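Asker: Encoded as structure tokens, here's the structure I'll be asking about.
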């Protein structure tokens, strides 16, 4: 009986252990400022650590979010990112930040972050935001209209979007639970892959004519 209990415990541990390491690992030191060359340290979380003796306040500072992004594009939005790739002090800390600017009727189109949950706050304007749950949950849409100061959470890995409902520009700030959250924009990925996915595959998947698929692929 004891051996069966032990086996059950090991089975439960095997199931739960991957969940414990699904997000960025916790740091084992006060900081590890990411650098792109191995001249001064060890390799941690995909970056070399800068020698702690030459770390300064500038390694933890960025001013890139104080400037509006260029929204003159097909989707009418711009995402300005502060992550480990442009702020080395974020290395191993498991967090990053973005500013999203929206033109009137602009959108941050449906996308996912494979490595992070996102929490967004509206700074200017009115946004329609939402995410879609997984197949197992029936692909339910969770959507809200947000005004200035409102907050919304997008769970890790789920497809989500934001749309500017107003006639004036909108701005939002979002924090993500990874130093490098990654982004997969659905339309760009499906119709703009390189090389292109066979149009017949997408035609069957989306229940549309293959010629329409080819037209969409040409747009991306």
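Each residue, glycine too, has its Cβ placed from N, Cα and C.
TrEMBL: automatically predicted annotations, no manual curation.
Okay, so TrEMBL annotates it like this:
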type: BINDING; residues: 108, 113, 118; note: oxalate binding site
type: BINDING; residues: 111, 113, 118, 160; note: Mn(2+) binding site
type: DISULFID; residues: 32-49; note: disulfide bond
type: DOMAIN; residues: 63-214; note: domain 'Cupin type-1'
type: SIGNAL; residues: 1-22; note: signal peptide
Asker: Per-residue pLDDT averaged over the domain 'Cupin type-1' (63-214) comes to what?
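Answerer: For the domain 'Cupin type-1' (63-214), the model's average pLDDT rounds to 96.
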Asker: If you count other CB atoms within 10 A of each CB, which of 32, 49 wins among these disulfide-bonded residues?
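Answerer: When each Cβ's neighbours within 10 Å are tallied, 32 tops the list.
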Asker: Counting every protein chain present, what is the number of Cβ atoms, excluding its own, within 10 Å of the Cβ of residue 113 (oxalate binding site)?
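Answerer: The Cβ of residue 113 (oxalate binding site) has 23 Cβ neighbours within 10 Å.
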Asker: Near the Cβ of residue 108 (oxalate binding site), how many other Cβ atoms are there if near means within 10 Å?
Answerer: 26
Asker: Would you mind listing, in sequence order, the residues at least six apart from residue 118 (oxalate binding site) in the same chain with a Cβ closer than 8 Å to its Cβ?
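Answerer: The answer is 153, 154, 160, 174, 175, 176, 177, 181.
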Asker: For the binding-site residues listed here (111, 160), which one has the lowest count of neighbouring CB atoms within 10 Å of its own CB?
Answerer: 111
Asker: From the Cα of residue 111 (Mn(2+) binding site) across to the Cα of residue 32 (disulfide bond), what is the distance in angstrom?
Answerer: 30
Asker: List only the single closest residue to residue 49 (disulfide bond), chosen from the binding-site residues 108, 111, 113 by CA-CA distance.
Answerer: 113
